[in-house]
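Trainee: I grabbed these lines from TrEMBL:
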type	residues	note
DOMAIN	61-269	domain 'ABC transmembrane type-1'
TRANSMEM	64-86	transmembrane segment
TRANSMEM	107-130	transmembrane segment
TRANSMEM	150-169	transmembrane segment
TRANSMEM	190-212	transmembrane segment
TRANSMEM	250-268	transmembrane segment
């Protein structure tokens, strides 16, 4: 048994090597590079101070946070509705819809940006078509603005939220709905009192993943707006691999701030998920008081007859 256990540890070598090469070493290099001074040796937090004092970089952080929050909220609400709707379909149609959602959630980056430019750009197909028909649907819409970025982000946020939330709907039992309807509860009361509390752990976890996904999106934003819109991921790319300005230490500091922001959002959602699970467990473990049953009438009559005798 001891020899077999020793050989079992060898199976972890590829996993540990992957974690070391692609996670630990890049993170350590990024943090160490952000603390290098501009000249000389030692440890310095000058780049972090420069970022916090610069209105340009603070605007990039603000824009990224707002776009991530907006796209995550819209993606969560739409994903909840779509996930609930998919559970109503037959199994064959459900599998096809899930396969389509999986494909659309991975369709992002340069192909997605190019598709939106062709359809809704300044000379896009729908833009020119609606203008020719006299429709003012996209008259004030600008694809290369904040609203355009949110629209593009929502495209891959909704199917991702659907895939993450879909399994949690099967945790809601049909008996609960029947019991709630028998007690006179409406659909709104059922979902607010039973359905959403059961789904809350999955909802909080999905929000964290959607927010991190939007914060780290680089290829889609860069292909769509380039450097014309101030985003944190775009600024990091221009500082690390820019043709004009190349400041890798400052880019490392911005990357650390991006990582900390994403980790903070995931941590808060993880805590909220744990709290929701504890509340559900406490509610499920609450003892049910049984009503005292009255004795049967036949037994009562027999007892009374014995007492008379």
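Every residue gets a Cβ built from N, Cα and C, even glycine.
How buried are the listed features, and what sits near them?
Mentor: Same-chain residues lying 6+ beyond the ends of the transmembrane segment (64-86) with a Cβ under 8 Å from its Cβ atoms: 94, 97-98, 101, 146, 149-150, 153-154, 157-162, 164-166, 168-169, 199, 203, 206-207, 210-211, 214-215, 231-233, 258, 261.
Sequence-distant contacts of the transmembrane segment (190-212) (same chain, at least 6 residues past either end, Cβ-Cβ under 8 Å): 68-69, 71-72, 75-76, 79-80, 157, 160-161, 164-165, 167-169, 171-172, 176-177, 180-181, 262, 265-266, 268-270, 272-273, 276-277, 279-280, 283.
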Trainee: When you scan the chain for residues with a C-beta under 8 Å from the transmembrane segment (150-169), skipping those not six or more beyond its ends, what do you find?
Mentor: 67-68, 70-72, 74-76, 78-80, 82-84, 86-87, 98, 100-102, 104-108, 112-113, 116, 120, 143, 198-199, 201-203, 205-206, 209-210, 213-214, 217, 220, 224
